[in-house]
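Below is one structure, written out as structure tokens, with a few remarks after it.
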């Protein structure tokens, strides 16, 4: 598979349609759990989760009293989330999206790059949590994604960004993201702090075939600006 094949929405729709979703976790992400207390949470906190899939992390936020806004391309993923977790919902149709609305959670079925178009329909969010969106995109789209998120985030948006860093350039997602890249793409408005870096114990065989010998989980935080 070459880079161009991961550049389009059909790639991800096919992954969901074929249940090729090994990136889905059965428990909340360990780095979210570890660093959640670093976020400033209150009764009105709302978290935006781009490319949310059917992530169990959404339940973690809900369990902490945080309302959730998800953006997801695959309607199958959204339906799976609500059915697997027996959450009631209503469906609302918009011009650029289809909204699945439950108690304290809204998931918009839409292309992530349509986010600026639907931003006015979203509740105001004070947290942006990104576990798999940024690293799911090849380099050119990551640059565009960063520009878009700079548009929709405010000075008070708290950000917990989970990425991966490899010793070889990835040909498939998740892609390697360095601190230097984040500075380049976000420094105009957002300053990230590296708060965690953990080496992966077992590198997948397909990564070894690419020549990879080291892989790290890295976590970045941007706190609320007072």
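Cβ atoms are placed via backbone N, Cα and C, with glycine included.
Feature annotations, courtesy of Swiss-Prot:
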BINDING   16, 51, 72, 131  S-adenosyl-L-methionine binding site
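Around the Cβ of residue 131 (S-adenosyl-L-methionine binding site), the number of neighbouring Cβ atoms within 10 Å comes to 26. Sequence-distant neighbours of residue 72 (S-adenosyl-L-methionine binding site): residues of the same chain at least 6 apart with a C-beta under 8 Å from its C-beta are 51, 52, 53, 78, 107, 108, 109, 110. There are 21 other Cβ atoms within 10 Å of the Cβ belonging to residue 51 (S-adenosyl-L-methionine binding site). In this entry, S-adenosyl-L-methionine is bound by 16, 51, 72, 131, whose most widely separated C-alpha atoms sit 17 angstrom apart.
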